[in-house]
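Asks: Can you read through this structure? Questions will come right after.
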DNA sequence: AGCACGCCGACT
DNA sequence: GTCGGCGTGCTC
């Protein structure tokens with residue numbers, strides 16, 4: 001096996017295949033599949049992944065691998081195979097599939113520079129060149145391009161006085177710490193110390209320490225404790241009394257924090273019953289997907305913890321995905337508390353280095369459990385016993401860039417390899433998941449009761465149109481204002497939720513609540529400021545912005561949007577005594593600020609927590625007795641067929657924040673469309689009815705889970721070009737696909753222009769289309785040239801979650 | 001994606 | 001005659 005097939009780090013159609021390289025003699029036994037290597041590729045050097053080893057190659061003149069970048073594979077055989085699967089499943093490049101599975105710190109950086117040829121040195125150069133180099137022996141390629149002397153430099157290159165160097169940099173910095181240890185027995189140190197001159201007090205201090213403390217200590221600590229100096233230690237090392245060495249250490253994002261040990265709770269009968277089949281699956285090493293459908297506060301987390309515990313008892317590992325872990329320090333707390341140092345935590349709040357360290361702990365088998373966001377699904381465990389996806393319905397599990405994978409699909413794929421269960425947990429499962437559970441594709445496990453037999457909060461839905469009629473034009477209804485005042489008097493806490501997504505895009509009549517919808521697509525129209533038109537983003541429908549509501553003729557028809565700052569201001573006016581913490585992108589930008597704000601709120605330093613999506617989940621504070629949703633509609637009218645589902649889920653989640661403990665909770669939902677089923681039913685916390693109704697609509701409109709979707713988005717700086725290409729693609733697809741499938745388009749994307757590029761799309765709804773993948777590939781190939789030269793972009797999302 | 005090779009217009 | 005524009009095709 002002295003030939004390696006390598007996937008090179010060049011994400012392009014033409015290089016999306018294996019290239020064979022000779023393995024130099026000295027590395028024949030070192031290089032294994034899954035390792036990164038540096039290989040010569042054309043004139044440059046690039047990073048690559050060894051995909052397989054072989055004896056023979058089709059190709060005759062092979063180049064040699066430059067050098068390995070790892071000492072052990074960073075992708076194990078399972079992950080290599082998973083990468084192949086991802087490639088097929090999401091139509092991405094193989095290199096992109098591999099890159100997405102490893103921490104960002106391991107991504108190569110490239111450097112190109114010119115340097116003096118060693119034997120001739122600076123002297124061989126002309127005066128002008130000498131001036132340019134200005135005493136240095138190398139010069140960055142960018143500088144070469146910027147300089148006026150490019151052709152002169154080229155001359156020198158030809159003469160051999162200069163050379164171009166391509167370098168692959170593994171920009172990773174392992175954090176290292178210096179350690180010191182005695183190398184001779186204590187008596188020996190004593191003896192040495194006695195022989196020291198009087199003035200060598202620093203050396204003596206260090207010796208004294210080691211006489212009473214055998215074993216290693218960090219240099220830092222030694223200096224701090226004994227007052228010795230690094231220089232004295234160095235002397236002692238030279239005298240062969242001590243030795244100094246470095247150790248790789250981990251940045252610990254949770255250092256200086258203690259996690260009080262927690263023990264398993266006693267499960268309720270209901271929890272017990274849900275846990276049993278999961279444990280059975282772990283015990284029998286059989287794969288299977290479970291939907292743990294439990295209302296908010298029903299104790300899903302404890303089931304996760306005990307299932308993981310069972311997996312660990314079988315000597316297995318566990319992956320636990322959560323939507324955005326930094327949002328729920330409580331969750332980390334619970335895991336670290338239960339499994340202490342066996343847990344690695346991976347989320348977007350960590351630095352690149354910290355993420356790498358956590359990943360290394362997994363790779364080195366130092367931890368057994370990983371808790372993390374989407375990408376943690378690729379944790380390089382080799383003996384998985386369970387995969388859990390909490391808040392399964394969350395959109396963040398779908399990656400919105402290449403490779404466009406869904407963590408749920410990856411989880412199920414991995415579970416089949418390992419023979420272990422996947423547990424999808426939610427109080428408001430996605431329709432896709434719930435439908436599969438109904439069809440027994442997944443096993444349905446239900447938790448109907450809240451723990452501590454706390455009641456679900458009482459929900460009031462307030463019709464804001466009515467408020468308007470009675471002359472209240474503020475963003476707080478009379479009821480919400482009264483309840484707020486009451487909480488402040490009783491020193492209880494309130495969460496105010498402002499749903500800001502879909503800012504100012506949809507148009508609604510403030511008098512009757514009528515929202516302008518597309519007559520063909522059953523989604524809301526989007527207001528376009530420039531043309532003053534309302535457009536549908538699925539089909540090509542558009543109308544001028546009306547001045548009067550088509551339903552009730554009122555002229556109080558507006559597009560929508562309110563920001564958290566504005567709410568905060570208004571709160572200050574109407575409730576000046578209230579202490580408010582605002583949480584949005586502005587106030588949580590800095591690392592750790594999120595947690596600080598939450599902690600402050602938990603400690604009772606504020607009466608009201610005001611925020612957007614980010615406060616919808618995971619908050620579990622006993623003193624919250626009121627939850628207010630300022631405008632429940634904003635998300636409802638996004639141009640997305642999942643808008644109702646999202647609204648229902650969000651409202652249910654937010655409502656679940658109230659009254660989880662002893663104090664009973666109340667929820668006030670303000671809306672302009674109280675009669676909408678997703679708002680009405682979320683008020684009743686009635687998922688089953690919502691599910692039934694939404695499924696009917698999905699069936700009627702041919703959306704998931706009844707149909708699969710594929711989205712082709714074309715973008716180009718020229719509008720006409722964009723439209724015509726999309727049109728051709730649409731035609732090609734409609735002519736080639738079966739008559740059961742629906743091809744919609746060409747239509748402008750909801751975000752119709754990004755970075756001065758127009759975006760058009762074609763949406764395919766299908767039930768069975770074995771040729772689809774092939775056709776999509778053909779499209780990409782067909783436009784390859786234009787993609788390359790003309791800046792045309794075609795992106796394909798199989799199973800899209802955002803139709804943007 | 002880079003980068004070299006190569007084939008046609010305006011210049012020392 | 002040559003420098004350099006960027007279209008074409010290759011990278012083991």
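Every residue, even glycine, has its Cβ placed from backbone N, Cα and C.
So TrEMBL lists these for the protein:
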{"type": "DOMAIN", "residues": "A:281-447", "note": "domain 'Helicase ATP-binding'"}
{"type": "BINDING", "residues": "A:509, A:512, A:549, A:552", "note": "Zn(2+) 1 binding site"}
{"type": "BINDING", "residues": "A:518, A:521, A:536, A:539", "note": "Zn(2+) 2 binding site"}
{"type": "DOMAIN", "residues": "A:544-698", "note": "domain 'Helicase C-terminal'"}
Asks: Fewest neighbouring Cβ atoms within 10 Å: which of the binding-site residues A:509, A:512, A:518, A:536, A:549?
Replies: A:512
Asks: Under a criterion of Cβ-Cβ distance under 8 Å and sequence separation of at least 6, what residues of the same chain contact residue A:552 (Zn(2+) 1 binding site)?
Replies: A:509, A:511, A:512, A:514
Asks: For residue A:549 (Zn(2+) 1 binding site), which DSSP three-state class applies?
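Replies: Looking at the DSSP assignment, residue A:549 (Zn(2+) 1 binding site) belongs to neither helix nor strand, so coil.
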Asks: Beyond A:509, A:512, A:549, A:552, what residues of that chain have CB atoms within 8 A of the centre of the Zn(2+) 1 site's CB atoms?
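Replies: Here the nearby residues are A:510, A:511, A:513, A:514, A:550, A:551, A:553, A:554, A:556, A:557.
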Asks: If I take the alpha carbons of residue A:549 (Zn(2+) 1 binding site) and residue A:536 (Zn(2+) 2 binding site), what is the distance between them in whole Å?
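Replies: The Cα atom of residue A:549 (Zn(2+) 1 binding site) is 18 Å away from the Cα atom of residue A:536 (Zn(2+) 2 binding site).
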Asks: Restricting to the domain 'Helicase ATP-binding' (A:281-447), what is the model's mean pLDDT?
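Replies: In the predicted model, the domain 'Helicase ATP-binding' (A:281-447) has a mean pLDDT of 93.
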Asks: For residue A:509 (Zn(2+) 1 binding site), what is the secondary structure by DSSP, using just helix, strand and coil?
Replies: strand
